[in-house]
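To start, the structure itself, in structure tokens.
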């Protein structure tokens, strides 16, 4: 009985679909919790929130280790030296994402964020070998196209609202914003740091033979000093601002979001380990679709043909990518069987 239970546990632990579903569920929960925290009145200390999340995650892991549920490597100089660049990239990725959203509209942000998928796909070719099939590339293009269509829908809604301002030269304003808006520079940095984070983490996992809990522990514990330093440099630590941001409600919400981060930290490392970094990134992009649908239903988001069509394109690109991956796996199995003969 225990043997069958052990085999079943091992099967789930190495299951791609199980890791993807768990990652999707945990990331949706994490998104909802984070949205609640940052929407608190006058909340402006994002790095403190991320610090609390990492701290709660680290403490939770230590407790799980004491009770015998989790097992991970203790901190040592070699692993810290090897993993520190990944933690630095993680902090850079989070910060540039926040700065991009500060200057860019969400649809524009999504367009450039989805370009990261293509960067990762070709980065995998350089790091790990293999190739990107034409079907995979088509799915990537469709994903970006869905974001472009969403932007058109958003701009269409804005144009209708601003139709009364007939004397305003919209093309001149938009072209000026594109040239002067620093959000595009932040977004470019975010795409590069996001791709490097996923690719280097996967390579380090292979080289160090890190397990899921090892990845989870090192990602969080090494991020703690970085997040605190970034917070001291970039955020307002005045007594007045601290009293607003560190109220009982905000602290409770941050602790809850930290517990949610335990799930997303574990599932992120699990998904990268048993699938691929491109699959992990693609799943992350597709995971925005339920939130997009919720935005159409519950929030003040554009509700027009282009908005719904962009969501349809997003799901279609996900299906195409899944088919492309299955075909590639089948071809690899056939090739391996041929070589064995």
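Every residue number used here counts from 1 along the chain in the order it is shown.
From the backbone N, Cα and C atoms, a Cβ is placed for every residue, glycine too.
In terms of which side of the membrane each occupies, Swiss-Prot places residue 131 apart from residue 250. Checking the candidates 114, 245 against Swiss-Prot, the annotation N-linked glycosylation site falls on 245. The candidates are 76, 241; Swiss-Prot tags 241 with the feature N-linked glycosylation site. Restricting the average to the topological domain 'Cytoplasmic' (325-341) gives a pLDDT of 71. The glycosylation sites examined here are 241, 245; by Cβ neighbour count within 10 Å, the least packed of them is 241. Residues 34, 37-38, 94-95, 213, 216-217, 220-221, 223-224, 227-228, 230-231, 234-235, 245-246, 251, 254-255, 257-262, 265 of the same chain lie 6 or more positions beyond the ends of the transmembrane segment (47-67) yet place their CB under 8 Å from a CB of it. Residues 61, 70-73, 79, 82-83, 85-86, 89, 120, 123-124, 127-128, 266, 269-270, 272-273, 276-277, 280-281 of the same chain, all 6+ positions outside the topological domain 'Cytoplasmic' (198-214), place their C-beta atoms under 8 angstroms from a C-beta of that stretch. Below 8 angstroms of C-beta separation, residues 61, 200, 204, 207-208, 210-211, 213-214, 216-219, 221-222 of the same chain, each at least six residues beyond the ends of the topological domain 'Cytoplasmic' (68-85), sit close to that stretch.
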